[in-house]
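According to TrEMBL, the feature compositional bias 'Basic and acidic residues' maps to 798-823. Per TrEMBL, the feature compositional bias 'Pro residues' maps to 833-844. For 79-300, the entry in TrEMBL reads domain 'GPI inositol-deacylase PGAP1-like alpha/beta'. TrEMBL lists 798-844 with the feature region 'Disordered'. As annotated by TrEMBL, signal peptide applies to 1-25. Per TrEMBL, the feature transmembrane segment maps to 602-623, 678-700, 734-765, 856-877, 892-911, 923-939.
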């Protein structure tokens with residue numbers, strides 16, 4: 001059974017590996033263009049910061065970016081631009097401001113009479129994503145930077161009163177935290193842009209400081225988003241799409257934290273004139289995104305004051321223009337739909353409802369009219385794509401006409417939106433002719449201006465056959481399913497709703513295939529797939545040549561809100577000279593990737609749960625006077641999902657009626673709030689945790705056996721018959737206490753995670769010694785497997801002989817047996833019952849094996865505790881470059897001290913296995929209860945697992961010294 005268990009666990013771990021590989025590799029190539037500098041970049045230190053604060057944070061500083069002559073002016077203290085402060089994120093450098101600043105500098109010198117001063121705060125590239133203890137200090141320093149930056153302009157004629165903040169990764173969270181400071185003046189920051197910032201929740205919560213900081217900041221924004229101090233603040237949050245495998249795009253949403261008319265959350269794949277994916281670092285230098293960001297910043301400037309506009313509505317319109325609904329105008333300009341008259345223009349009526357114009361050197365402007373019959377169901381919708389260089393009007397709703405000519409109409413050109421390919425200037429307009437908001441529409445007019453190049457496709461159509469719902473193939477389906485088949489080549493657009501794609505773990509692949517194309521096919525002919533998610537700006541686009549397959553992954557980057565019943569949609573734009581079919585297949589390869597992307601942070605808690613269950617059942621075996629089996633055997637025999645998961649479900653329903661604060665702390669509510677929870681989640685990840693722990697335990701057992709054999713060869717057969725692995729001398733105990741005392745001092749004076757690693761090594765030495773003892777005892781008692789099997793064979797032969805002799809005796813003495821049995825019955829009725837045969841006492845080998853298996857299980861707990869605190873160790877190691885050896889606010893301090901106290905007992909040779917009493921039975925149930933606490937309250941708040949593990953180890957140690 002154990003062998004089969006290992007094979008299944010290898011398959012489970014392989015599936016996990018496939019998921020991790022998918023997250024790390026399954027995305028488009030980096031299509032971002034590099035941004036270049038025109039002159040040598042310089043990062044100039046900003047002097048005269050608050051001395052007291054600078055002494056408190058000696059490794060932080062404030063710099064300003066400059067090039068050439070501009071840098072020379074900055075060195076002289078001449079600040080004449082609009083201030084922008086860049087805050088780097090986890091392990092981020094202040095030099096990451098270069099791309100944003102360099103492009104803004106060049107843009108200002110070419111077109112504008114104002115410019116931006118890009119400041120950047122140097123936070124020493126601290127790992128603030130793995131250690132939350134620095135976030136408050138970083139916020140305090142950034143607050144001082146904002147005040148100091150404004151002080152630099154105080155002598156200017158028109159000094160700025162606000163600073164624009166751009167925060168990358170955790171830098172965006174620090175920027176949000178500014179507003180929660182009691183002494184922060186919210187009017188000094190009116191525009192906040194974050195890139196790759198996990199607003200919804202931290203990626204991992206390795207310590208309580210990260211949890212408290214994130215929770216307090218988010219609560220402040222959620223409770224005050226409509227308050228006076230935040231009503232003038234506009235927020236733009238940008239996610240990196242699938243290439244960002246550190247911060248998934250669903251976490252960058254600011255929904256619920258800012259007013260919908262003051263905040264915007266987008267994914268780069270949906271941003272007009274960007275339409276690509278960026279990794280977590282590339283997002284700050286990707287030229288397409290940097291250009292879009294700077295265009296928006298320049299458009300936000302009030303032309304009169306030469307400062308960022310103080311009108312939040314205007315700033316939001318600018319952000320919407322550049323990041324959501326770009327109509328093709330390079331800059332945002334307010335507009336109205338004006339009524340225009342047509343005089344002697346050239347008109348051509350299109351009676352078929354479909355028209356395609358493509359060519360070069362259009363000599364004379366042409367107005368194509370599409371008559372509308374309100375009673376005709378085929379005149380319900382109008383779709384047009386146009387590549388027209390001119391920025392003048394080209395799309396009109398005709399309200400007064402004469403025959404085929406339009407006399408007067410409304411210019412609705414600005415209803416069109418840009419669509420890929422990039423730099424094609426292609427725009428698309430979708431018009432619902434019954435809901436145009438314009439009365440008496442007679443015709444739709446498409447103007448083809450006099451130009452050198454044009455490509456316009458117009459399609460007047462109904463809903464039938466164009467707007468449809470598709471049933472997606474089931475999970476166990478391995479064949480693509482055809483959801484759309486085109487029969488008429490005079491078609492432009494299909495809208496397919498996908499109601500089955502409602503969970504983030506699902507993944508599909510859409511394939512738009514050309515079935516037949518009529519010659520000739522233009523070189524610029526293409527097809528476009530648009531994956532539209534109605535509840536979040538995470539749309540994705542895919543463009544392919546008209547004669548090639550257009551393949552697009554279909555998977556969500558955020559969960560659907562519980563109160564939003566809309567379905568995701570797949571829009572297909574096809575080439576007019578081809579017939580296409582659209583097929584969708586289940587992407588089994590990408591499903592594990594989705595599970596890892598959304599739920600990977602839950603794995604540590606499920607691994608810990610299985611490890612605690614092993615200890616719980618080991619204690620129970622001792623109470624039942626059964627031997628403690630090997631780790632993997634105990635795991636495969638007792639650790640099942642049904643002994644944990646059903647209780648989690650029941651507790652989640654009961655706790656809200658018993659004690660509300662406990663319900664608020666439920667970590668599964670984090671998943672519910674994000675809309676990504678599903679019923680089978682605990683079972684699936686229990687299996688994943690089970691598989692990981694089996695492989696880990698298997699590797700540890702191999703190591704222990706290897707070193708145990710070496711130690712047994714060194715010790716030979718010189719071992720006592722008692723049950724302890726050591727002699728139990730006073731000298732050994734004193735040495736043990738001295739080592740643990742020294743480790744306690746190191747823990748208090750430096751970093752607890754380092755001490756935990758040492759404790760794992762000490763426990764490993766004990767387990768290796770126990771393994772050596774087991775091997776020596778087997779050698780002494782000649783209990784090898786071959787000897788055991790031979791002994792079994794001999795016993796079986798003797799039992800067969802005895803059986804035959806008994807049969808003969810029975811046949812020869814039937815009467816005598818009958819008489820005797822009557823006498824025996826009479827005697828039995830009067831005799832007292834005999835006492836039960838007491839169980840035979842365990843042999844030294846039994847005791848040694850039980851001690852080995854039990855302490856191996858505790859060693860695994862200690863190892864898991866050390867692994868959980870690796871993040872703080874990484875931060876401590878990095879700080880050593882500044883000769884800082886003491887980690888203040890060490891998250892591993894108290895768990896480590898508790899484990900040190902426990903190991904004074906567990907490593908003492910005087911104590912081997914817990915006593916078999918009621919206290920041990922109760923301890924078994926307590927450890928079992930820890931598994932429920934771990935899933936309910938530590939699956940997201942990972943740092944709580946350390947306290948549970950330390951408590952379990954400590955309670956076992958206390959049980960060792962209890963008198964009962």
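Glycine is no exception: its Cβ is also placed from the backbone N, Cα and C atoms.
Sequence-distant neighbours of the transmembrane segment (678-700) (same chain, 6+ residues past either end, Cβ-Cβ under 8 Å): 5-6, 8-13, 15-16, 503, 505, 595, 599, 602-603, 605-611, 631-632, 635-636, 639, 641, 644-645, 648, 671, 856, 859-860, 863, 935.
For the domain 'GPI inositol-deacylase PGAP1-like alpha/beta' (79-300), the predicted model reports an average pLDDT of 95. It is 734-765 that, among the stretches 602-623, 734-765, 856-877, 923-939, forms the most Cβ pairs under 8 Å with the transmembrane segment (892-911). Against the transmembrane segment (923-939), stretch 602-623 shows more Cβ pairs under 8 Å than any other of 602-623, 734-765, 856-877. Counting same-chain residues at least six beyond the ends of the transmembrane segment (856-877), those with a Cβ under 8 angstroms from any Cβ of the stretch are 126-127, 130-131, 134, 204, 206-207, 604, 607-608, 611-612, 614-615, 618, 628, 630-631, 634, 693, 696-697, 700-701, 704, 750-754, 756-757, 759-760, 763-764, 766-767, 770, 887, 890-892, 895-896, 899, 906, 942-943, 945-946, 949-950, 952-953, 956.
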